[in-house]
Amino acid sequence: MKKLFGTDGVRGVANVYPMTTEMAMQIGRAAAYLFKDGNRRHRIVIGKDTRLSGYMLENALVAGICSMGVDVLVVGPLPTPGIANITSSMRADAGVVISASHNPFQDNGIKFFSRDGFKLPDEMELKIEDLIFSGKIDSLRPVATEVGKAYRIDDAVGRYVVFLKNSFPKDLDLAGMKIVLDCANGAAYKVAPAVLEELGAEVIPYGVKPNGTNINAGCGSLYPQVISEAVKEHRADLGIALDGDADRVIFVDEFGNEVDGDHIMAICATQMLKQKKLRKNTLVATVMSNMGLDIAVKRAGGKVVKTAVGDRYVVEEMIKGGYNLGGEQSGHMIFLDPNTTGDGVLSALQVLATMRRADKSLSELAEVMIPLPQVLVNVRVKEKKDITTIPEVALLIGDIEKKLGDEGRILIRYSGTEPLLRIMLEGQDKYQITGWAKEIADLVEKKIGGK
């Protein structure tokens, strides 16, 4: 059982345990020890998003890592996938991201990438925790010239912009395309506009003035209504919204209608099937994806493999099965041929390339998938108790599942990063499943709800 790490690294309110400077330094020391192999100089990349607390945690991590005799390459604000890319391209021993993704500014987090740019498996995170709580490394104190150094990589943004542009087909450009872009006042506020503009698009930017406290504040992928209204106002071709660390992306079409991750996966999977580029004709998605995605991919000659929720589990399944496309309904998209993790800007470029190649609007491409009605309700809880051990709740869920039969499903799971129970229902009748979802939520609230 992990004590610090959740589904996406260590996360919490900044300056409150476990997201304190003291713990960040300990995490840095443990990680530096773990990633050292052989008698040579080692290097770890550190990047962050635009949160105020990023400075505090960055310095603590740098101090911890250097105190173990490992050098640090500091890249500053950069999208999470950009940090993974820089880690791999600079042949560093590991990468560290300081970000809480789509969470509000007061939260922050720490997560790691291995030297090849992939997120760490659970066993590596457990080893970091063991080194911290066992005290095994407390007495290890390199001295004199063995202490690590910190270097700032000033051209990290430029390096990543070049990488992203190189992922776009050389025979295509975005000339004549008007794009509304919301960077959530987050890590992509420089990168994303630069990439789209250099490829020829007219960019109408939102969320590109971070001040440390406005990341994800009424903007970004959690607030698609912002780009929806802007697309209609500016008569743009589409809208693109990233989250705070730019590892996920949500679109709206030319009419302002949201196009979620499931639709994007359907668009990309069917296009790759046509081009015979989808490995093993298989798309990897999570259990949260709409059943309409399975139907669309099957109709195009492919299949969908499902995993637990979390882009790390999608990537693990992709590596294990030898697949090259995966993602989540929330907007995490993983293209393993050019990248190693979810990348909002790269995913947007893949969709834009498909639009250009097919000479179709986003609304036309999105017609490839017809989603089943789906309802998602979040209930804040005081404890993450196994739902099957609450008789009344388990009985109610069982009764509703019988009524749904083969024409729908219920998925109940706890958030890996927040004290929330997520209740998702899918079925043919939106009104009916909305009522059932509320019925379950009300009962859960009564039994284990928390303010």
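Keep in mind that glycine also has a Cβ here, set from the backbone N, Cα and C atoms.
Record features, source Swiss-Prot:
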type	residues	note
ACT_SITE	SER101	active site, phosphoserine intermediate
BINDING	SER101, ASP243, ASP245, ASP247	Mg(2+) binding site
MOD_RES	SER101	phosphoserine
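Structure with Swiss-Prot features highlighted.
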residue : record                                  : Cβ within 10 Å
SER101  : active site, phosphoserine intermediate : 28
ASP243  : Mg(2+) binding site                     : 33
ASP245  : Mg(2+) binding site                     : 36
ASP247  : Mg(2+) binding site                     : 31
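Here SER101 (active site, phosphoserine intermediate) is positioned 5 angstrom away from ASP245 (Mg(2+) binding site), judged by their C-alpha atoms.
Put simply, SER101 (active site, phosphoserine intermediate) is 8 Å from ASP247 (Mg(2+) binding site) when counted between their Cα atoms.
Highlighted in sequence order, ASP49, PRO79, THR80, SER99, HIS102, GLY186, ALA187, LEU242, GLY244, ALA246, ARG248, GLY342, GLY344 have their Cβ within 8 Å of the centre of the Cβ atoms of SER101, ASP243, ASP245, ASP247, the residues recorded for Mg(2+), and are not part of that set. The secondary structure of ASP247 (Mg(2+) binding site), as reduced to three states from DSSP, is coil rather than helix or strand. The secondary structure of the residue listed as 'active site, phosphoserine intermediate', as reduced to three states from DSSP, is coil rather than helix or strand. For SER101 (active site, phosphoserine intermediate) paired with ASP243 (Mg(2+) binding site), the C-alpha to C-alpha distance reads 7 Å.
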